[in-house]
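Accompanying notes for the structure given below.
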């Protein structure tokens, strides 16, 4: 039975039979496949579950190794290194600090400094305000568009869906450059049109520039989020809508009571990803900075950390700030999931 | 009274409602398409016309001449940036897809102790803000001398926790254990089973992973910004921001920035329009099944 395959003799001896013994023993697959003669193998080779599992583990390790090694290098190691760096501070030795530099253990000093830095904290406050306003607006728009496209009254669905999704293909930097041109007086047709009707708009002032950035993010990601919601709507069996129709529900009632409830998981997911995206806000303010004096070096937490690392050359402070940003993102997204989870418990 | 997906949509709903829906959809389409239209129109203009003429209409359009100027400027640097972007996004996404496929396949098809722990760590990676990683990564890479090389951008780009997540879910559903069993009986080694059966059956998910990762790398800005100082290694995005930064001193750069932005957006838009099926497939996997 199962003669060594001429094309793969080496591996056959190593994994072929034993892997099988393990599967038949544990998952009862033979019954499903109908290949009952294979169970005989277990008796003949006399292999136990233990060795089968060990070979499974070995095969799995082989497949996981390339990803795992790079995951360790590019995810785990930087976090560990950031934590380590954030606990150090630069020292100078010799008279007047000219004897060279070194590092010394600083405890939580870097964190204390970051949390004491008004600019850094203001940046946090700014992205939180941004999140509270922009995320609900964007998801509201995405939901409305998804429901409209899913409604029976919609025409040219394919065209509209593509049109809305298209900006997702515009990189954040390009989108910012693009909208930057649309915001700057002199080049912007929007400002020109507004002047034409007597309105003097300034998209880049102290009070408006945050919302101009919010517009760029909304423009870019509404279509993407809409597509997630549409995907969820399409996964709903048609009979459900049919039943609602027979029960005499109007299109509005179907949307309000059935569809909204069904896309809830997708809304939770898109909210979490939007929160994570907002905390990292960087490219947009970075690109608009030369155009808008209101954007300072601490406009968002990420911008502040970047300046610490590359303009102030204080990598220890930058590491501490990076850790804090990740921590806030973590707390906010898990906090939101907890909130949603407990609400669902109460609903039951 | 609206049936969900009726064969004949017209007539089922009152005209008034249909007109209302259509106008709402059109207003939204204008919002999303107008900036793209502006970009397309402006890409045909000179710097002077960018400031001097109305933004939403053509003025002396000479697209080929502008294109030639853009490509020739500064020793064809825009071409070089484009090739870099293609290398980072294409090479990175290809490697990421293969790595994700192997890892997802292992997590789906081999019960081993600690499997769920490994999976949860990968999931945590999905939720971690990427730009937050870039700064520590820069500190780490400068210790080992990788900063300012192609590898500095490529290595982090080939790791896609989301890809592993998607591949695992897909492999669990689409690759039957019985088939793997049969292959094992026939004496095929695990690596060959993965190559000939696993990869083929996971193909639709792999296209989705490739697309997502390609766009992710193509769009990434923070990572190349912190890693690269040699402008010969820049991807398009980074190159264009340097042009934009100098434009007030060197006005023709306005024209090149706009033209370059338009050119860089074009391939991705085509990719997005043409391959929507795969986007939706990936989004369904990502949102519904967890």
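Backbone N, Cα and C define each Cβ position, glycine as well.
Predicted automatically and left uncurated, TrEMBL annotations should be read as such.
The structure displayed is predicted, hence computed values, not measured ones.
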Could you check which of B:43-64, B:197-218 is flagged in TrEMBL as transmembrane segment?
B:197-218
Give the one range among B:153-176, B:197-218, B:253-275 whose Cβ atoms make the most pairs under 8 Å with those of the transmembrane segment (B:86-107).
B:153-176
What stretch of B:20-40, B:153-176, B:197-218, B:253-275 shows the most Cβ pairs under 8 Å to the transmembrane segment (B:119-141)?
B:153-176
